[in-house]
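**Student:** This is the feature table in TrEMBL:
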- 416: active site (ACT_SITE)
- 416: active site, nucleophile (ACT_SITE)
- 291, 320, 341, 389: S-adenosyl-L-methionine binding site (BINDING)
- 7-65: domain 'TRAM' (DOMAIN)
Ligand code: SAH
């Protein structure tokens, strides 16, 4: 593509109409076809912008004034929305967000996946009835201000911690526990970790909440493995919050942005809390991956199960299975499920979760999906249905080739990144599969993330 000579200049003002939103939630306006990205602007709005940075094929601008506002613009309910950065779409009506997510999926499937939208049905995004207080996990950095502790979030583009009593997308119980733990620690003179000096003790507080069981876990992430006033602090927490079933310490002595260190010890109560998705019960430890929006996870997995079309006779592979969440969901309707996952601890959890539910027709293997599944293929261990749920980078090419060679009747692709989903669907389509439908599911309301499940069938 020929490089566009920028028709706009830095520090100049322009009057523009916004046409679209980027995947990051910024408004897109065009001046002589040249795209300018502007935060806090919505499609169909008109306004004045100042160009703040000009790059080769695009520019960034700042919104100065809106002349016409979108019918989808609303007042962001959160008072710290503009400082935080955790949400990007609170100024957009929920209906507008759901439509935007569907359109984004369609655009990417057509542009990257080269799919014909006349043949592939992209359903309206499945949203939440009440799209607030949905996160079951709070991970809060701790800092100090005038001798006291602050527990909140990093200000946008900085590492200054801003205190936050309420996060509107967080389970209120999690916020209550974080605030109480902060105050209790303050009473005992606990010092927060200071990133620059690499001194102090308390780095993060993490709280997890089981939506169905109401059980809670509190994790202290600390620089060193000591714990002053441990007994007093624990007894205050457990007295105030009887639903706390587990208190854990994780030690992270490194100069790093990574939250957790390698050492984890139970300070009080259980090593796990439990939660349920549908009829399946899961043990969740401090370090296990567990979906953060359990209500929508059920919606997503129900769709995956529907697309898998199981009658009880099928052999199913669940690639990238994590702690076996999808595998155990499928096992209730399949003859046999084989889960594969690269993190050994996750597979330990998956086996424990199978046992916990008395599920005996699920087997789990540790390894890369692209190494283990070709091996199964060679041994003649074929599957009728393959479910994949890869990380953001999508499926490995070897895995896609193996799927084409194994020829399962159906492939169910669960994806947290429409771009790599589209790329991989293109490969599967060229190899003889047809994408029948794609269902976007809103797992993360008020953020730009969108989760999809795609249903493919062998032609
Ligand atoms: N299906 C699970 C987890 C999905 S997240 C759930 O819904 O809870 C994606 C998972 O893929 C992570 O657990 C990650 O550890 C795993 N993973 C990443 N690369 C992998 C690979 N090459 N082979 C197998 N698993 C992999």
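Glycine residues also receive a Cβ, built from the backbone N, Cα and C atoms like all the rest.
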**Student:** Near residue 416 (active site), meaning Cα within 10 Å, which of 291, 320, 341 (binding-site residues)?
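**Tutor:** Candidates kept after distance check: none.
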**Student:** Under 8 Å Cβ to Cβ from residue 291 (S-adenosyl-L-methionine binding site), same chain, six or more residues apart: give me those in sequence order, or none if nothing qualifies.
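**Tutor:** Non-local contacts for residue 291 (S-adenosyl-L-methionine binding site): 277, 297, 325, 443.
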**Student:** Would you list, in sequence order, the residues of this chain other than 291, 320, 341, 389 that have their CB within 8 A of the centroid of the site's CB atoms, where the site is the one recorded for S-adenosyl-L-methionine?
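**Tutor:** Neighbours within 8 Å of the Cβ centroid, excluding 291, 320, 341, 389: 289, 318, 321, 322, 325, 326, 390, 414.
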**Student:** So which of the recorded positions is most packed in, judged by how many other Cβ atoms lie within 10 Å of its Cβ, out of 320, 341, 389, 416?
**Tutor:** 341
**Student:** Where ligand 1 binds, which of the recorded positions 320, 341, 389, 416 are close by, with Cβ under 6 Å?
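**Tutor:** The recorded positions passing the 6 Å Cβ test are 320, 341, 389.
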**Student:** DSSP on the domain 'TRAM' (7-65): how many residues come out helix, how many strand, how many coil?
**Tutor:** 0 helix, 35 strand, 24 coil
**Student:** Per DSSP, to which secondary structure element type does residue 341 (S-adenosyl-L-methionine binding site) belong, with helix, strand and coil as the options?
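**Tutor:** Going by the DSSP assignment, residue 341 (S-adenosyl-L-methionine binding site) falls within a strand, counted as strand.
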**Student:** How many Å separate the two farthest-apart Cα atoms among the S-adenosyl-L-methionine-binding residues 291, 320, 341, 389?
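**Tutor:** That value is 16 Å for the farthest Cα pair.
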